[in-house]
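Contents: one structure, followed by commentary.
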Amino acid sequence: MAGSSRRAGGRRLQLPLLCLLLQGATAILFAVFVRYNHETDAALWHWGNHSNPDNEFYFRYPSFQDVHTMIFVGFGFLMAFLQRYGFSSVGFTFLLAAFALQWSTLVQGFLHTFHGGHIHIGVESMINADFCAGAVLISFGAILGKTGPAQLLLMALLEVVLFGLNEFVLLSLLGVKDAGGSMTIHTFGAYFGLVLSRVLYRPQLEKSKHRQSSVYHSDLFAMIGTIFLWIFWPSFNSAPTPLGDGQHRTALNTYYSLTASTLSTFALSALVGRDGRLDMVHVQNAALAGGVVVGTSAEMMLTPFGALAAGFLAGTVSTLGFKFFTPILESKFKIQDTCGVHNLHGMPGVLGALLGVLVAGLATHDSYGEGLESVFPLIAEGQRSSTSQALHQLFGLFVTLIFASVGGGLGGLLLRLPFLDSPPDSQCYEDQIYWEVPEEHADLAQGSLRPEEPDTQA
């Protein structure tokens, strides 16, 4: 009972104090450093005698709306498949993303838009912050149900910094192309989360295994998340690309890649399923792999056929990963990947990076014409050959894996600090620990909750 009281006291204090501390610090930094850019500042915009329809808002905000919906609705409901963790899946997604948006605005601002002593923000800053939040939520998926909200906020605090540094190295220093984030978002977020999960490994998690499954209605909620993500993914990949043919091509390639990954998912799920039955886990996740795999190459001249082939391959690999590789990750590598982020984001992200290497290596002036300057400016300017660009793309993948692995290890050590509240092994994947729940849920939960025991992270 004493241990239970101490845990309850920690929950009562840790989250409020950390939220207030982080929000207060962020607000001070915003007051000191953050300013509107020339397209959002009233004086600067009108001083330039610009026409309002020329403002970037009108071109970027529709894409931002789609990306924003993906982050808060798509990711949140996709992770709501656990039978007793729906409040936490959607609610902690809301909390993490809200903090990550503010913190990443500062981190990315210092790295990309800092001049004259200030960070200058506009609609593009909002899109980039959403991308960073997406990486954080991917990592959250790997440890879903096994951590407390205070731990998750500290994870986001560290991960946003490392995401920003990795993105800066790849895009600004190495000149890597990765508009849809196969490397910077999906690969980074997945392997950060997987290494984090390994450091937080719980040998006695079997005590909560009965809750690590879905019920009929929770799978339907997760499918809502899938549909939102699937519909808006072309906007996600095309949001940061140059306006015009580049953005058009990116949306088109993503669109067809998603259709192919969906068909391959249904085909493989029935093929490997018991009695030829479809598995909702496969459909919820692997059907989205087509959006991940073309994240790097969608703005390139991938060709419609290439988009279909990439999507079909990604859906196949992802489905087989859920069926065969996820159990091996836990039994052999001690990685407890709750949402299967390795199958949806990790492997398709790496495949997407390698596809980018291939397509970049094939880039020529004949195939791109004057458009080469917007897609591969260093090749167009004669500073690089296509082969050199391809090698830089490959090196960018290795850099991302290093950042993710080291960052995940550091994050795991941070989250293992003994004073941080986390659910005991017997109470993982349970909303009632952190939320007021309806009485019928509480009655069901009480029957399965066991007395609190010490954590067994090894």
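Each residue, glycine too, has its Cβ placed from N, Cα and C.
What Swiss-Prot annotates here:
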type: CARBOHYD; residues: N49; note: N-linked glycosylation site
type: REGION; residues: 416-424; note: region 'Interaction with ANK3'
type: MOTIF; residues: 429-432; note: motif 'Basolateral sorting signal'
type: TOPO_DOM; residues: 1-13; note: topological domain 'Cytoplasmic'
type: TOPO_DOM; residues: 35-61; note: topological domain 'Extracellular'
type: TOPO_DOM; residues: 83-86; note: topological domain 'Cytoplasmic'
type: TOPO_DOM; residues: 108-124; note: topological domain 'Extracellular'
type: TOPO_DOM; residues: 146-149; note: topological domain 'Cytoplasmic'
type: TOPO_DOM; residues: 171-178; note: topological domain 'Extracellular'
type: TOPO_DOM; residues: 202-219; note: topological domain 'Cytoplasmic'
type: TOPO_DOM; residues: 241-251; note: topological domain 'Extracellular'
type: TOPO_DOM; residues: 273-282; note: topological domain 'Cytoplasmic'
type: TOPO_DOM; residues: 326-346; note: topological domain 'Cytoplasmic'
type: TOPO_DOM; residues: 368-393; note: topological domain 'Extracellular'
type: TOPO_DOM; residues: 415-458; note: topological domain 'Cytoplasmic'
type: TRANSMEM; residues: 14-34; note: transmembrane segment
type: TRANSMEM; residues: 62-82; note: transmembrane segment
type: TRANSMEM; residues: 87-107; note: transmembrane segment
type: TRANSMEM; residues: 125-145; note: transmembrane segment
type: TRANSMEM; residues: 150-170; note: transmembrane segment
type: TRANSMEM; residues: 179-201; note: transmembrane segment
type: TRANSMEM; residues: 220-240; note: transmembrane segment
type: TRANSMEM; residues: 252-272; note: transmembrane segment
type: TRANSMEM; residues: 283-303; note: transmembrane segment
type: TRANSMEM; residues: 305-325; note: transmembrane segment
type: TRANSMEM; residues: 347-367; note: transmembrane segment
type: TRANSMEM; residues: 394-414; note: transmembrane segment
- Among 62-82, 179-201, 220-240, 252-272, 305-325, point out the range having the most Cβ pairs under 8 angstroms from the transmembrane segment (150-170). 179-201
- Item | Any contact, the transmembrane segment (125-145) to the transmembrane segment (62-82), with at least 3 Cβ pairs under 8 A | yes
- Mind checking which residues reach the topological domain 'Cytoplasmic' (146-149)? Cβ under 8 Å, same chain, six or more beyond either end. 11, 14-15, 92, 95, 155, 197, 200, 202, 205, 336, 338, 415, 420-423, 428-429, 434
- Residues from the same chain, set at least six apart from the ends of the topological domain 'Cytoplasmic' (83-86), whose C-beta lies under 8 A from its own: 144-145, 211, 213-215, 218, 221, 429-432, 441, 444-445
- Compile a sequence-ordered list of residues in the same chain as the residue listed as 'N-linked glycosylation site', six or more apart from it, whose Cβ lies below 8 A from its Cβ; state 'none' when nothing qualifies. none
- Any contact between the transmembrane segment (283-303) and the transmembrane segment (394-414), i.e. 3 or more CB pairs below 8 Å with pairs at least 6 residues apart? no
- Determine whether the transmembrane segment (179-201) and the transmembrane segment (14-34) share at least three Cβ pairs under 8 Å, counting only pairs 6 or more apart in sequence. no
